[in-house]
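**Q** What TrEMBL shows for this protein is this:
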type     : residues : note
TRANSMEM : 6-29     : transmembrane segment
TRANSMEM : 74-94    : transmembrane segment
TRANSMEM : 114-140  : transmembrane segment
TRANSMEM : 161-191  : transmembrane segment
TRANSMEM : 292-313  : transmembrane segment
TRANSMEM : 333-352  : transmembrane segment
TRANSMEM : 400-428  : transmembrane segment
TRANSMEM : 484-506  : transmembrane segment
TRANSMEM : 512-530  : transmembrane segment
TRANSMEM : 589-611  : transmembrane segment
Amino acid sequence: ASSEDLTQVLIPVAALVGIGFALLQWLLFSRVKLIEADEEEEGIDNIEVSIKCAEIQHAISLGATFFLFTEYKYLGIFMGVFGVIIFLFLGSVKGFSTKSEPCIYNQENTCKPALANAVFSTIAFLLGALTSVLSGFLGMKIATYANARTTLEARKGVGKAFIIAFRSGAVMGFLLAANGLLVLYVSIYLFKLYYGDDWEGLYESITSYGLGGSSIALFGRVGGGIYTKAADKYPEDDPRNPAVIADNVGDNVGHIAGMGSDLFGSYAESSCAALFVASISSFGINHDFTAMSYPLIISSMGIVLCLITTLFATDMFEIKNVREIEPSLKRQLLISTILMTAGIAMVSFFAWPSEFTLFDFGAMKEVKNYCSPVQDVADSCRIGAATNVIFGLALGYKYVIIPIFAISISIYVSFSLAAMYGIAVAAIGMLTTISTGLAIDAYGPISDNAGGIAEMAGMSHKIRERTDALDAAGNTTAAIGKGFAIGSAALVSLALFGAYVSRAGIKSVDVLTPKVFIGLIVGAMLPYWFSAMTMKSVGSAALKMVEEVCRQFNSIPGLMEGTAKPEYANCVKISTDASLREMIPPGALVMLTPLIVGTFLGVETLAGVLAGSLVSGVQVAISASNTGGAWDNAKKYIEAGGSEHAKSLGPKGSDCHKAAVIGDTIGDPLKDTSGPSLNILIKLMAVESLVFAPFFAAHGGLLFKFI
């Protein structure tokens, strides 16, 4: 019992420490005043620049808040409707009876009625969705608060600016990890008051927490991704461009609010998958609370160890010049991973009973600043846009190979050590350093915005160089972050798939039966259908934006000369409306597929669909992110002109540069919209199938009943 008491204290304490640390970081970077004179430059200009920065920041913040509130209105309706669907589907499993029934896995014990599951699943779904909304919203607020402060600190040197950008990223990382853990822990604690000893029912209803988190993430990612790309087709960071505020809003909405909800979803789902699998294994049957809470203990440990890691970046090493930025970010990943590996081994030793297996997880591959493949892609621009596109595609396909082998090995090892539970825990292993991972991820868009603000406020070239250096390091680490999201999504959905198969009562998934095979082939097609929808919607949203910008240049006198101000708000509104309208079809595709397949074609076909979408989705997601990233970096490589080789390809405006810009424009929707949303597609369909599994098992497969 003592270990149980300890567990009950440790988890909430770690979560509160995380929240406290986030607030401390926030206090530290909010000390930078927006309007203050700087000693280096003359007084008058300086105050003007500060006022300009403050104005721009205010406009970006307003735009982002407007977008999110509009999006949450839509999502509020969605949450209500989907909550009712969950209740009706799960309640009807036993015809809304309130009688207790024998448990599914242990027939001799009695479990709470299916109706209770319906009620608690709905509550968990709403809790997950609200936590996800909160994560995205807080992240966005912090980022828009920090971007101008980063710009102003860049006047004092690159190290100062780095610390502001990194601290604000850390606020988001820790708030998200701690909030997710706290809400999940408190929900389990409260649900237990009703469920008592029925752990099977308890953890089954908790699974909906992951569903809520991920469904919000899907809309956030798709909506934000469409938004950020709709505004991205003009000279960037030119104050005369009416779409420029919308573009900077897009960075926050897509990369920060979307990323926050996405990683929160992965985190919630991997925890739910591990808890569910554990609840039907010996932990759940013997009611071993500490072993059962293993996923939550690891996450608590992660918060504490990432906290130590963060101090390395903000307080122990000072960054003196531009070259030290990227190593410092990479060091964060390395330190947190090493600490965490030791931490996991320790927790496993104490939390798990002695006759239980342990696991290992794979290492990260280091990414160099501009690796030779990017130079190849930049080189291919000499011949023209077509070769650039071909090289970029080939690079994206090639970069699928190593991650897939890495994922395969970790799946085989985890599975042979601890079956499906092993895979769920491997996913949690990847996500334990989520606080550090998110801090690095949020750092990117914040530096990007800071650079944009410097340009629009007309600050000196020297300052712009510093913000560019911060931004370039952020791009490389963002690629690592995307890899995290995709890799963990693959493991999470495999674990959820295993949980679904056992919950739906399928003995084995046999590819040779036509029911399963048609599911496989349709499932493999879904990522392509989904990508087609998201990419097309980026195009149509961008078109509306182009029309609006042309209208303003034609109708506002003095706009081109820079004497009149453009109507930024109109562009923000157009981007908002277009992206929210366009996110509905891809979202509906993902949310409705499991429901339709499960109800009409049954549990086996749905198992096929899940397997197919997992296998094809991972490949499409990795190649899309890498192709887009390579084109983007090839363009940046030519623009930066950092080496003799790069200078021979440039300058801006050369044919070679134009070819690179075309590649970058094609790659944008790949790396910022389709790629990142696909990992949500894979997870979301799996977790949704798991939540609705009782209904499908009882009433699914209507079509085959009549044939």
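Every residue gets a Cβ built from N, Cα and C, even glycine.
Help me picture these features in the structure, burial and contacts included.
**A** Sequence-remote contacts of a segment are chain residues at least 6 beyond its ends whose Cβ falls under 8 Å from one of its Cβ atoms, and for the transmembrane segment (6-29) they are 142, 146, 149, 163-164, 167-168, 170-175, 177-179, 181-182, 185-186, 289-290, 293, 296-297, 299-301, 303-304, 307, 310, 314, 351, 435.
Same-chain residues lying 6 or more positions outside the transmembrane segment (74-94) and placing a CB less than 8 Å from one of its CB atoms are 101, 113-115, 117-119, 121-122, 125-126, 129, 133, 208, 212, 215-216, 219, 580, 584, 591, 595, 691-692, 694-695, 698-699.
Same-chain residues lying 6+ beyond the ends of the transmembrane segment (114-140) with a Cβ under 8 Å from its Cβ atoms: 64-65, 68, 72, 75, 79, 82-84, 86-91, 93-94, 96-98, 101, 172, 175-176, 179-180, 183, 187, 191, 194-195, 201-202, 204-217, 220, 252-253, 256-261, 264-265, 268, 442, 691, 694.
Beyond the ends of the transmembrane segment (292-313), by six or more residues, the same chain brings 7, 10-11, 13-15, 17-18, 21, 25, 163, 166, 170, 173-174, 177-178, 180-181, 184-185, 199, 267, 270-271, 274-275, 278-279, 283-284, 328-329, 331-332, 335-336, 339-340, 343-344, 347-348, 351-352, 424-425, 428-429, 431-436, 439 to within a C-beta distance below 8 angstroms of the stretch.
Same-chain residues lying 6 or more positions outside the transmembrane segment (484-506) and placing a CB less than 8 Å from one of its CB atoms are 104, 204, 207, 210, 259, 262-263, 266, 269-270, 273-274, 276-277, 280, 403, 406-407, 410-411, 414, 419-421, 423-424, 426-427, 430-431, 437, 603-604, 606-607, 610-611, 614, 618, 621-622, 625, 675-676, 678-680, 682-683, 685-687, 689-690, 693-694, 696-697.
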